[in-house]
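Enquirer: Grabbed the feature section from TrEMBL, which reads as follows:
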type	residues	note
TRANSMEM	A:49-71	transmembrane segment
TRANSMEM	A:91-110	transmembrane segment
TRANSMEM	A:122-139	transmembrane segment
DOMAIN	A:142-425	domain 'NADH:quinone oxidoreductase/Mrp antiporter transmembrane'
TRANSMEM	A:145-164	transmembrane segment
TRANSMEM	A:176-200	transmembrane segment
TRANSMEM	A:220-245	transmembrane segment
TRANSMEM	A:257-277	transmembrane segment
TRANSMEM	A:289-312	transmembrane segment
TRANSMEM	A:319-340	transmembrane segment
TRANSMEM	A:346-367	transmembrane segment
TRANSMEM	A:388-409	transmembrane segment
TRANSMEM	A:475-492	transmembrane segment
Amino acid sequence: MQQVPPYLTQQLDDVMSSLLVFKPELCLAGLFLLVLGIDLIYRKNSGKACRMLGCAGMLLVLAADLGQYLIFKEQGRFLFINNLILNHDNIVLKMIIDAVTFTLLVYFPWDHQLKTHKKGLGDAYTIIIASVLGLHLMVMSATLLTMFLSIEMVSIASYLLVAYRTESNFSAEAALKYVLFGMAASAVMLYGISLFYGFSGSINLYHPHMVANLQAADPTVIVLAVVLILAGIGFKLSFVPLHFWVPDVYQGASTPVTAYLSTLPKIAGFGLLVTFLRPFMFNPTWSRFDFTLILSIAAIVTMIAGNFAAIWQQNVKRILAYSSVGHTGFALMAIVTFTPQSMGALSFYLIVYAIANIGVLGLATYFANAMQAHTVNDYKGLGTKYPIASVCFVVLLISLTGIPVSAGFNAKVLVFSSVYEVYQHGHKGIMLALLVTGAVTTVVSLFYYLKIPLNLFLRKEDTVRNHYPAVSKDLLVMIVILSLIVVLLGIFPDALANLL
Amino acid sequence: MNILTLLIFIPALFGLLILALPASLKQSFKYITLAATLIQLGLSIWLYINFQTGAAFGGINHESQFQFVQKISWISLDLGTAGRMQVDYFVGVDGISILLLVMTAVVMVIAVLASWEIKHNLKGFFVLFLLLDMAVAGVFCALDFFLFYLFYELMLLPLYFLIGIWGGVRREYAAIKFFLYTLFGSVFMLLIMVGLYLSVTDPATGNHTFNIVQMMNPANYQQGSVFSIFSHQTLFGIPARVLAFVVLFIAFAIKVPVVPLHTWLPDAHVEAPTPVSIILAGVLLKIGGYGIIRICIGIFPEVAYQGAYWLGLLGVVSILYGALNALAQRDLKRLIAYSSVSHMGFVLLGLASQTAEGVSGAMMQMISHGFLSSMLFFLVGVIYTRVHDRDIYNFRGLATVNPQYTTYVMIAFFASLGLPGFSAFIAEAFSLTGAFKSELIPNWMAVCGSIGILLSAAYFLWTLQRMFFGKELLKGGDSWKQALTGLKLREKLALFPLAVLALVLGIMPSLVFSKINDSVLALVEFTKQMVR
């Protein structure tokens, strides 16, 4: 018998012990195979079964997350020989992702356009669940390799979803645009990663020599590498100047897919950005690239560009696309400060944004189902015809604007105070600029968000219609629940925020 | 159950009741709303009677001196290294707020009586109305900045819809203008609020706090914090406390409104339906004044002291500019809207003087204007609902057509222009006395204020002459004459108490002064102390 090298047993032990805490991801993998199998066996009629199974499975995954949440409350750990990192912040993000996925799975078949698709929805569920595995890995990745692989996993799933329904030229164009830009972004990022690896000699972001080696390398190339990697992540987060794909794709994709794109990859992207930044932010010797400054500038530009561009839009989904760009900018504000407090604020902000955004897109579906209404002009006078939906619309938009009493307001206060806290200690002018931009763009955002209530309630219909088709109650129930959550979190934010 | 909590949330309860009722009962909604406001009025009168006076009940910067207090922990967020975020549900009243609360309750009843003219979408109207009522009462009671801000912003949305759905021709424009103006002010207020919160710690618990009363004590500011009075920090090159004062002042000045931030007001007032105009003029403008007293002067007294000249100047400009504009109007509602700008200028002038007389005058002016402007807008509503016109030149000799109505108009006009014997006279006299006495503002400001009174006499009397005297001549001819005769019982019920109040407060101003005096003295004393 040949002697086993000593490190091998050690590594095997590590893998074995990692597998034990890797339950949510294992569940997801199993769930994916199961849903895929059912989809293959029952073909077109599999939609319902796949959805039920998917929802039940996501609840199981959430339970597994909860287990992790309770264990890793104080301290994190590395998994699979330092390939993945598990700590409080990214477990919270994973739970957010799973909860959002659950909502999306419930919501998907309620969109008429998507439902009438001849392929059925079984494939969509399979793709979503596979992508959630990728999203989990994205927030946990601790090496450049896992980072890239998980991003690609999510990207491919997103490409498929965007192109799921391409009857019109517009959505086909949007899907193609998304794929091409996505590929280019990945390629750029891969180039940055290879430079990183070349200079540091390691793919492990948390390797003790990683930052030191990069610090010793030629500064210009390192700056280039960092910019390239940030560009790859920025494409997922859609901050300016990497937001150009957003309006077309959000408008062209079917509404539930837009809801998917505007929440899940974004949340995971923020998680990835945090894990990527952590080694640099906490290393006092790092001076090659001022992440705080660059990300602050990106945040300011994103807030301004997103919110101002939205003013001139007429299509509701396009308005929401630009508004989601604006929200990216605001959430970036929480990242640049990089304190434990701001991580909590970020998670809270992302949850609130996800709830409100899914709710609002659900309403876009609702009005499209009912009246084929796609632009704000189509909404004229519908407020009194569909009162519950319209009131919910107002509540959710108020939350997105950040006016009390709504969860969005509390999220805004939390982000503002985390930035303020840092300003108070460092007196960096850029922090003040962030605060002022955040405040100004809130007023700007009111301008376009209000267009929807304005048309719903204040304006009269152009042509008198006698028939207002009834819409299925299910979707409305979901929207009402989401609106209630928004209001309750507006009054009692500590119920949730203390858990983050 | 705390009585203030009851007062704040009773409208919300009735609003839920209206929401739950089917549309077939829509004729009852106005009575339900009326019941809610009457209960509120009853509670506020009880508060007024039981309100203790004396030096031990001054309020302002002493938490223990507030009355009817309820303080329960509401939001408590663990922020790790940054400590805990402490938000209390903290309500209470002192002399500054008690009378504004009573005035609000009265105005709300009048506004409901004016809502009889609302014909469509009743459920929405009354639910929004009650929501607004709740928010307004909350603003006057809140002593926690977070809570204050919540109620403050909660007013915006109902008002937007109330103006936007039930308003006049240009309602869309007026509603969005109002909303954007106010939000612009309040978003920056939010930044200052967060900054103050991070600067101030509660001495009892050591946590950061939103407590307004604690924010008034310089000892509670953390060392080196942005807004600490001792650390002399600057933001954008401006002293931090001055900047904070200016930002908060702009937010409230938009509400008051102070020239040049007043341009939303004529539009909003003119386009709003009568009940909303009444609330806007009667109550919402006072929230601006109240905010300046409680928040701007209360938290940054030394800045208010240094900047008294500019406050006074803005007040005088508002008085004169508003009055001159009112002279030029031919729409009766617009005229009254501008007269509001002019009259609210006295509030600012009185506050700028920072003397007991001036501040008392400002308080009195807010209360008096609350009643009088409600009355004026109600009176405009009376003719507008009948003939759908309010152009001054389309009416002539109304005195012969409707003597009863003309009597009320004359009372309201004479009271507003400051005829001795009416509340506005006391208010303006005290404001001007304060302005003359004060060393902080030059005498010419007080003189200009007096000219403002003269101008207000001019536009009111001229309007009286144009519309009510002379030979009877109506644009709509006989059909108008038919419509314009007589007053309904409901209208009399609304107008009579307001006329009586204007007179009673003019003859017995002690009804107000006895309750506010301790707080006014405490505020003036507190400012002096802080400056030293």
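Glycine too: its Cβ is placed from the backbone N, Cα and C atoms.
Nobody curates TrEMBL annotations by hand; they come from automatic prediction.
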Enquirer: With pairs fewer than 6 apart in sequence excluded, do the transmembrane segment (A:475-492) and the transmembrane segment (A:145-164) have three or more C-beta pairs that lie under 8 Å?
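Expert: No, since the transmembrane segment (A:145-164) and the transmembrane segment (A:475-492) share fewer than 3 Cβ pairs closer than 8 Å, they do not count as touching.
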Enquirer: Using Cβ atoms and a strict cutoff of less than 8 Å, what residues sit near the transmembrane segment (A:122-139) while being 6 or more residues removed from its termini?
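Expert: For the transmembrane segment (A:122-139), the far contacts come to 24-25, 28-29, 31-32, 35-36, 38-39, 42-44, 46-47, 50-51, 54, 57-58, 61, 84, 90, 93-94, 97-98, 101, 104-105, 108, 114, 146-147, 149-154, 157-158, 160-161, 164, 260, 264-265, 267-269, 271-272, 275.
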Enquirer: Would you mind listing the long-range same-chain contacts of the transmembrane segment (A:319-340), meaning Cβ under 8 Å and 6+ residues beyond its ends?
Expert: 237-240, 243, 246-247, 249-251, 258, 262, 266, 270, 273-274, 277, 281, 291-292, 295-296, 298-307, 309-310, 313, 346, 349-350, 353, 357, 360-361, 364, 376, 400, 412, 415, 418-419, 421-422, 431, 434, 438, 441, 445, 448-449, 451-452
Enquirer: Run the contact check on the transmembrane segment (A:289-312) against the transmembrane segment (A:388-409): 3 or more C-beta pairs under 8 Å, excluding pairs closer than 6 in sequence.
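Expert: Taking Cβ pairs at least 6 residues apart, the transmembrane segment (A:388-409) and the transmembrane segment (A:289-312) are not in contact, as fewer than 3 fall under 8 Å.
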Enquirer: Which residues of the same chain, at least 6 past either end of the transmembrane segment (A:257-277), have a Cβ under 8 Å from a Cβ in it?
Expert: 85, 89-90, 93, 96-97, 100-101, 104, 107, 114, 128, 131-132, 135, 138-142, 147, 150-151, 154, 158, 161-162, 164, 205, 229, 233, 236-238, 249-251, 291, 317, 320-321, 324, 328, 331, 335, 338, 343, 346, 350, 353-354, 357-358, 361-362
Enquirer: So, do the transmembrane segment (A:220-245) and the transmembrane segment (A:388-409) meet, by the test of 3 or more Cβ pairs under 8 Å (sequence gap 6 or more)?
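Expert: As far as Cβ distances go (cut-off 8 Å, pairs 6 or more apart), the transmembrane segment (A:220-245) and the transmembrane segment (A:388-409) do not touch.
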